[in-house]
Every structure is written in structure tokens, then in C-alpha cells.
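Chemist: Dropping the structure in here first, questions after.
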Amino acid sequence: MQPLQIAPCRLLYGLYRGLKSPASTGTRICPAMARPSSNMADFRKLFAKAKHIVIISGAGVSAESGVPTFRGAGGYWRKWQAQDLATPQAFARNPSLVWEFYHYRREVMLSKEPNPGHLAIAECEARLREQGRRVMVITQNIDELHRRAGTKNLLEIHGSLFKTRCTSCGIVAENYKSPICPALSGKGAPDPEAQDARIPVEKLPRCEEAGCGGLLRPHVVWFGENLDPAILEEVDKELTLCDLCLVVGTSSVVYPAAMFAPQVSARGVPVAEFNMETTPATNRFRFHFQGPCGTTLPEALAPHETGNVS
């Protein structure tokens, strides 16, 4: 399979080509604007007139469904943080351990449901489509909760827990098996005292394409890997065309996604941030609404009594 390479996008800034944390970039988001507003009525006026809305979502949206974020205090699986296991190097060293981690995450997700934030976004997209308006969701999440909520216009820039990619033939396929292979049944416990399963590589998930049988890996973007250039081209197009942008449940610290909304704001497009706390990018935006996305988004995206305000 050919390695992922960055696309030459207008808006997607050569420095931030792979999945990176702020420590690895040493970069600050550009200087601040005036203090953002929390006036919902003002936001609703802009929302009523917007024709092309981009919603950028992150882990905070799914956290309200009980999805582990593996960030901050207590953000460990066994003794590991996500960035310890979500790398090509970790998979090459110990594919059994990495597959245990992703098996655990897959099994957790099978018990979770979209929350009111996901549902508000999906309902808004469907309603605005009938009005000839467009909503595009660009998510950093790999849990498919937006898809399960009913969102149709969706770019999953970091991949999906429920897709695999063959390390031999490169085939990408949906995979909702539980467990994904017999050897992982009952494995993946997150307890720090749990013993690593040490599953032989031949017993790990394997490609089912005729004549292949190669080792499968999760079809997600790991730290140090480039994002899919075709998806980045789509992101570039959406960010260029949008006339309103929402940033929901994202910490604005993982690049390149951390640059998406500030770049939109820099060209004068209103950006509204919905988050439990401020982020390094908050003062770059027109609005900031603090609180659970499952509470703030249904209010922000609710239908107007008179439909689209002209």
C-alpha cells in the first residue's frame, strides 16, 4: 500500500501535515481578537442566515456519551496513554498490545449511544438540507457516533474504529465484528494490573481478501502519520466555502485540525466555539459558549419559528 501523503491544499498549511500534539509542534495559535461573545441571540441571527455551515467536532462531544478520551488526569489504558500506543512504531513493536487497546475501545463504543449534541447536529443538517442549505461535519473522532446519529455530510479525518486496513494489500474495509477476532475475546481490560495478552501475530485480525491473509491494523491516523490527502482536499473546500463555523468539544491542540477554525476566522467568517472550557484558540473566535455540548448545541441549532430568516 502507498503511504499516506499530504495534499497541496490552499488552506492546509504545510507545517501541520501529520497528527501532532502541541508539544511536538512548538507552535502557538495566532494572536487573539477581542473577547468572544456568549450572546446566543446574536449567534442565532447569524445561524439563521448562513448557507454553508461547517461543524468541527472533537472528543468533548463524545465524552458526554461516556466515551473515554484518554486525555488529562486519569486518561490511561492500563499504564499507557493513547499517544504511547497510537503510533506505527508501537504497532510494529507489539501489535498484540495495540490491538488489545483498540479492541477495548471498539467494545466500549458498541455500548454507547449518540447524545443530544450529536442528535442536534444531525437534525440540523437534515432540516437545513430541505431549505437548500448545507451543513458539513468535520470530526476528529473515530467512534462513528455522528454517523449513528444520522449525520450524512461527514468527514472523519482521523478514520474510524470500525474500519481496518491491511498492512499487506492495503484494502480498507468496515468491520463491526465483536470481538474482531476470537483471540481478542475477553481481552483488553483497562485495569493497570491486567496482564498483556501477548497474542501471537498470526492470531490477530487478518485480511480476508482472497490470497492475502495479511495483518490488519485499525484504519485510524496515528501520531506521526499524515492525514488522507483526499479528505484534506474536501476539508479545504468546505473551509473555503463556509460562511459560519462551529467548533464543538475540541481542545484545539491537535494539529492540523487545531488550525482549521482559526484559518476560517482569519478570513472574517464567524466562528462559534462550544466547549466545557476555554481553549488556546478561544480568543480567535466571535463566540464562545461554555457548558456541555449536549445542552448548548440543541439550543443553538434549534429551528427558528419563521424558518430561514432573510
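A Cβ is built for glycine as well, from the same backbone N, Cα and C atoms used for every other residue.
According to Swiss-Prot, the protein carries these features:
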| type | residues | note |
| --- | --- | --- |
| TRANSIT | 1-36 | transit peptide |
| DOMAIN | 37-307 | domain 'Deacetylase sirtuin-type' |
| BINDING | 58-77, 140-143, 249-251, 275-277, C293 | NAD(+) binding site |
| BINDING | Y102, R105 | substrate binding site |
| ACT_SITE | H158 | active site, proton acceptor |
| BINDING | C166, C169, C207, C212 | Zn(2+) binding site |
Chemist: Within the same chain, and leaving aside C166, C169, C207, C212, name every residue whose CB is within 8 angstroms of the centroid of the CB atoms belonging to the recorded Zn(2+) site, in sequence order.
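Modeler: Other same-chain residues near the Zn(2+) site: T167, S168, G170, I171, E208, E209, G213, G214, L216.
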Chemist: Neighbour count, 10 Å Cβ-Cβ cut-off, for C207 (Zn(2+) binding site): what number do you get?
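Modeler: So the Cβ neighbour count for C207 (Zn(2+) binding site) comes to 20.
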Chemist: Take every residue in the domain 'Deacetylase sirtuin-type' (37-307), average their pLDDT values, and give the whole-number result.
Modeler: 96
Chemist: Fill in the CA-CA distance, C169 (Zn(2+) binding site) to F70 (NAD(+) binding site), as an integer in Å.
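Modeler: That separation, Cα to Cα, works out to 31 Å.
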Chemist: Cα distance, the residue listed as 'active site, proton acceptor' to G58 (NAD(+) binding site), nearest Å?
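Modeler: On Cα coordinates alone, these residues lie 11 Å apart.
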Chemist: Return the member of Y102, R105, C166 nearest to G249 (NAD(+) binding site) in space, with distance defined Cα to Cα and candidates limited to these binding-site residues.
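Modeler: Going through Y102, R105, C166 one by one, the Cα closest to that of G249 (NAD(+) binding site) is R105.
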Chemist: For H158 (active site, proton acceptor), find which of the binding-site residues R105, Q140, C166, C212 come within 10 Å, Cα to Cα.
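Modeler: Of R105, Q140, C166, C212, within range: Q140.
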Chemist: Taking only same-chain residues 6+ apart in sequence, whose CB is under 8 Å from that of S62 (NAD(+) binding site), what do you get?
Modeler: T69, K112, N141, D143, L145, G249
Chemist: Can you give me the Cα-Cα distance between R105 (substrate binding site) and F70 (NAD(+) binding site) in Å, rounded to a whole number?
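Modeler: Approximately 11 Å lies between the Cα of R105 (substrate binding site) and that of F70 (NAD(+) binding site).
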Chemist: With the cut-off set at 10 Å between Cβ atoms, which of these binding-site residues ends up with the most neighbours? Options: C166, C212, M276.
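Modeler: When each Cβ's neighbours within 10 Å are tallied, C166 leads.
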Chemist: Whole-number answer please: how many Å between the C-alpha atoms of M276 (NAD(+) binding site) and Y102 (substrate binding site)?
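Modeler: With distance taken Cα to Cα, Y102 (substrate binding site) is 27 Å from M276 (NAD(+) binding site).
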Chemist: Using Cα coordinates, what distance in whole Å links Q140 (NAD(+) binding site) and Y102 (substrate binding site)?
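Modeler: Their Cα atoms are separated by 16 Å.
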Chemist: F70 (NAD(+) binding site) to C207 (Zn(2+) binding site): how many Å between their Cα atoms?
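Modeler: Each residue's Cα considered, F70 (NAD(+) binding site) and C207 (Zn(2+) binding site) end up 28 Å apart.
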Chemist: What residue among the binding-site residues G58, G66 has the most other CB atoms lying within 10 A of its CB?
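Modeler: Its Cβ has the most other Cβ atoms within 10 Å: G58.
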